[in-house]
Amino acid sequence: MVDVTPADAVPPAEVAEMELYHPHSWWTKYVFSQDAKVIAIQYSATATAIGMVALVLSWMMRLQLGFPGTFDFITPEAYYQFITMHGMIMVIYLLTALFLGGFGNYLIPLMVGARDMVFPYVNMLSYWIYLLAVLVLVSSFFAPGGPTGAGWTLYPPQAIMTGTPGGQDWGIMLMLVSLILFIIGFTMGGLNYVVTVLQGRTRGMTLMRMPLTVWGIFTATVMALLAFPALFVACVMMLFDRALGTSFFMPAIVEMGEQLQHGGGSPILFQHLFWFFGHPEVYIVALPAFGIVSDLISTHARKNIFGYRMMVWAIVGIGALSFIVWAHHMYVSGMHPYFGFFFATTTLIIAIPTAIKVYNWVLTLWRGDIHLTIPMLFALAFIVTFVNGGLTGLFLGNVVVDVPLSDTMFVVAHFHMVMGVAPILVIFGAIYHWYPKVTGRMLNEAMGQFHFWVTFLGAYLIFFPMHYIGLMGVPRRYNELTDMTVMTESAHNLNSFISIMAFLVGFAQVVFLFNLIWSIRHGREAGGNPWRATTLEWQTAETPPAHGNFGKELPIVYRWAYDYSVPGAKEDFIPQNMPGSSREPA
Amino acid sequence: MAIALVLVLVVVGSVLFHFLSPWWWTPIASNWDYIDNTIIITFWITGVVFAAVVLFMAYCVFRFRHREGNQAAYEPENKRLEWWLTIVTAIGVTAMLVPGLFVWNQFVSVPSDATVVEVVGQQWQWSFRLPGKDGKLGTSDTRNVSAENPLGVIAGDPNGQDDVVVEAADLHLPVGKPVKMLLRSIDVLHDFYVPEFRAKMDMIPGSVTYFWFTPTKTGTFQVLCAELCGQGHPLMNGVVMVDTQEDYLAWLGEQQTFAQLSAPQQVGSAE
């Protein structure tokens with residue numbers, strides 16, 4: 001079933017090694033750095049900082065939902081501003097930035113055996129424009145009228161009208177400008193990631209030898225480069241509608257008895273553009289998580305990933321299919337009802353490659369040698385929450401089932417489980433896994449155990465019961481549930497319980513942040529390869545890796561990334577740059 | 001080891017929660033029990049898959065946990081197994097999709113005997129319009145909306161004169177008669193949603209959208225807006241009362257037509 005690849009099948013170097021920019025001062029080394037690893041840390045720190053803002057915003061909305069009428073400062077306007085900023089920050093400025101800008105920058109060059117990204121200067125610009133986008137976003141909290149409260153989907157016409165917070169103030173404009181900046185910055189980074197994977201791999205690193213982490217980030221980046229332009233266009237058009245009085249998305253409207261000077265635009269056009277970006281976006285977050293979790297499971301179960309080639313094709317297949325499912329977010333939008341047949345079919349088809357990935361993760365555990373390290377615990381928790389959230393996607397993707405559930409708390413529970421909790425659990429697992437490479441020290445185990453158990457069980461207890469509140473018929477985006485006949489007394493109590501869990505899970509993140517800082521100095525020394533892993537980032541001469549990643553000589557790759565527990569081998573792992581024969585599938 | 005036990009508890013707890021907790025859908029009051037049935041099918045299929053995957057994981061974690069001297073198996077691929085799993089998954093997906101599309105076809109095919117009711121959303125209230133004796137609604141245009149003509153009915157259209165206009169008040173429907181809800185908005189997106197009817201649809205300014213259903217129970221039901229429409233969104237409640245035919249006709253007799261409502265204003269505008 002598996003062929004034997006000749007060990008010396010390594011092509012000669014085709015091009016001379018790239019000349020790296022050598023920084024001369026502290027500023028160019030640590031601030032305006034062109035080293036992908038420094039840029040990765042800058043991206044990650046910024047994303048974490050803005051993510052903490054989003055976490056606090058989620059506490060505010062849970063205070064309101066769990067204990068209605070208790071907190072006067074959470075006005076309806078403020079509530080809508082909180083949910084909008086929470087959603088947008090989490091999806092774009094935290095998850096996308098952290099997976100692609102953070103993990104992508106750190107891991108791609110190291111894992112494919114490159115000295116750096118191929119365009120280091122553009123890579124540096126990418127981060128600074130991202131930071132500018134974040135600052136513009138944050139500035140909207142201090143602008144007249146506050147940030148936009150249009151919901152993270154920013155649906156017009158309400159997004160730019162007076163009935164919505166920030167609609168006729170600065171809020172929506174700053175939001176749109178920030179998104180435009182983000183997309184510009186991301187494109188600079190994204191081109192780097194794609195070209196580095198395609199052109200910057202070291203000798204012997206064929207595409208089918210790349211770790212799945214790289215496959216996940218690479219595919220997600222290609223998707224993002226194709227999907228973000230749709231959002232870019234939508235933002236520019238809405239900015240024109242708001243600032244110049246055009247009518248791309250604005251039909252004839254009577255607002256509070258007054259005829260507006262708009263006419264002829266299409267609100268639903270915005271939804272198509274938004275979701276043409278928005279659905280791939282779900283997978284832009286999910287695919288890096290898929291890739292990373294595959295490597296975590298394989299490494300910590302000491303077993304090759306099961307069905308590597310199927311895993312690669314599943315990633316690519318999901319990426320391609322995700323561009324023809326967008327309107328499943330719009331089943332009750334009023335678009336032509338016959339679209340429902342097409343989009344329900346494509347949406348349920350995408351469940352098949354996704355299910356294959358899940359099977360292959362659990363089959364990797366089968367007959368493994370499972371080390372229950374913190375990264376492994378997070379990987380297991382990811383599978384539970386991802387399967388749970390993925391399966392509820394089969395409710396919402398199946399057009400007629402979506403009709404009663406759409407726009408209810410069921411949707412909120414579903415997407416938090418599948419693209420909130422699940423990818424974030426992978427992020428945590430990945431940080432516990434790669435922190436030793438970044439800092440040279442291990443994260444504290446006791447704090448890690450506390451962080452894991454509270455986060456996993458707490459998040460499950462938040463979002464699993466929430467589905468049933470939606471099933472009762474409770475719509476999302478209500479700051480007031482008290483006048484609703486379908487809300488029972490016991491459901492109000494359940495809401496209070498969910499809120500308390502949310503505060504608890506948030507507190508565990510504070511412990512995690514403390515661990516990140518504390519362990520830089522006090523963590524146990526890690527050595528170069530504490531997990532005894534095969535991939536190239538663990539084989540660097542120095543830990544943390546110096547500028548240029550590898551010492552004098554770039555590594556040469558002789559095998560795939562999953563030679564764990566090879567029968568007859570001295571140790572239970574063989575690094576990718578170890579000469580000798582491999583039994584990789586080919 | 002704790003994790004294996006917790007994984008089992010997650011499955012057991014989730015299943016018990018599903019069957020024993022008091023939180024479940026509100027009793028249905030329309031013909032769309034087909035939708036409820038599709039949800040039940042989906043719950044069963046997805047529930048079995050969830051339990052199977054997580055319990056299998058729990059077993060693996062318990063059985064193959066690291067102990068001194070253990071070595072993992074080396075098995076990169078197993079084509080047979082991978083194909084079998086793909087086929088079984090495809091069958092499961094089809095078992096959900098086919099009934100789903102079948103019911104969707106019913107949902108989008110309005111019966112020819114359905115009567116028409118127009119719902120107009122605006123920040124933040126519901127209004128309604130019912131056709132008069134001619135059974136036809138007059139045309140409308142947002143540009144015509146004014147204090148005197150809140151729904152923007154075109155005055156020159158004879159079909160519109162006998163339309164019954166219910167501004168910012170309760171809607172009544174006769175029980176057992178299919179009804180096509182024509183949905184319109186004059187400002188932002190809204191969504192006409194009655195949890196007991198299981199149906200909902202967005203309303204888009206500039207377009208007319210629709211859904212149909214047959215009310216099957218008399219009673220009073222709350223209308224909720226299910227599409228974010230600004231800061232008054234949660235306050236946008238309404239009431240639908242499903243009446244017996246008798247009560248319905250009595251209510252209808254008390255309502256005013258467009259012609260009646262606009263008569264005094266026409267005198268005024270002649271000045």
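Cβ coordinates are placed from backbone N, Cα and C, and glycine is handled just like the others.
Note that the coordinates shown come from a computational prediction; the quantities given were computed from them, not determined experimentally.
Here is what TrEMBL says about this protein:
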type	residues	note
DOMAIN	A:21-558	domain 'Cytochrome oxidase subunit I profile'
TRANSMEM	A:38-59	transmembrane segment
TRANSMEM	A:79-108	transmembrane segment
TRANSMEM	A:128-150	transmembrane segment
TRANSMEM	A:170-191	transmembrane segment
TRANSMEM	A:212-240	transmembrane segment
TRANSMEM	A:282-298	transmembrane segment
TRANSMEM	A:310-332	transmembrane segment
TRANSMEM	A:338-362	transmembrane segment
TRANSMEM	A:374-397	transmembrane segment
TRANSMEM	A:409-432	transmembrane segment
TRANSMEM	A:452-474	transmembrane segment
TRANSMEM	A:494-518	transmembrane segment
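Listed as Cβ neighbours of the transmembrane segment (A:374-397) (distance under 8 Å, sequence separation of 6 or more from its ends, same chain) are residues 289, 293, 296-297, 299-301, 325, 328, 344, 347-348, 351, 354-355, 358, 361-362, 405-406, 410-411, 413-419, 421-423, 425-426, 428-430, 432-433, 443, 445, 448-449, 452, 455-456, 459-460, 463-464, 467, 531. Confidence over the domain 'Cytochrome oxidase subunit I profile' (A:21-558), given as mean pLDDT on the 0 to 100 scale, stands at 96. Residues 29-30, 82-83, 85-86, 89-90, 93-94, 97-98, 101-106, 123-124, 126-127, 130-131, 134, 137-138, 438, 502-503, 506, 509, 513 of the same chain, all 6+ positions outside the transmembrane segment (A:38-59), place their C-beta atoms under 8 angstroms from a C-beta of that stretch. Long-range contacts of the transmembrane segment (A:212-240) within the same chain: residues 96, 99-100, 103-104, 107-108, 111-112, 154, 156, 159-160, 172-173, 176-177, 179-180, 183, 186-187, 190-191, 193-194, 197, 246, 248-249, 270, 273-274, 276-278, 280-281, 283-292, 294-295, 305, 308, 311-312, 315-316, 319, 322-323, 535, 561, each at least 6 residues beyond the stretch ends and with a Cβ under 8 Å from a Cβ of the stretch.
Within its own chain, the transmembrane segment (A:128-150) is flanked in space by residues 32, 42-43, 46, 50, 53, 77-81, 83-85, 88-89, 93, 97, 101, 158-159, 164-172, 174-175, 177-179, 181-182, 184-186, 188-189, which lie at least six positions past its ends and keep a Cβ under 8 Å from the stretch. Within its own chain, the transmembrane segment (A:310-332) has Cβ neighbours under 8 Å at 208, 212, 215-216, 219-220, 222-223, 226-227, 268, 271-272, 275-276, 278-280, 282-283, 286-287, 290-291, 294, 339-340, 343-344, 346-347, 349-350, 353-354, 356-357, 360, 396-397, 399, 402-403, 406-407, counting only residues six or more beyond its boundaries. Below 8 angstroms of C-beta separation, residues 81, 88, 92-93, 96-97, 100-101, 104-105, 119, 122-123, 125-130, 132-134, 136-137, 139-140, 143-150, 154, 159-160, 164, 221, 224-225, 228-229, 231-232, 235-236, 238-239, 242-243 of the same chain, each at least six residues beyond the ends of the transmembrane segment (A:170-191), sit close to that stretch.
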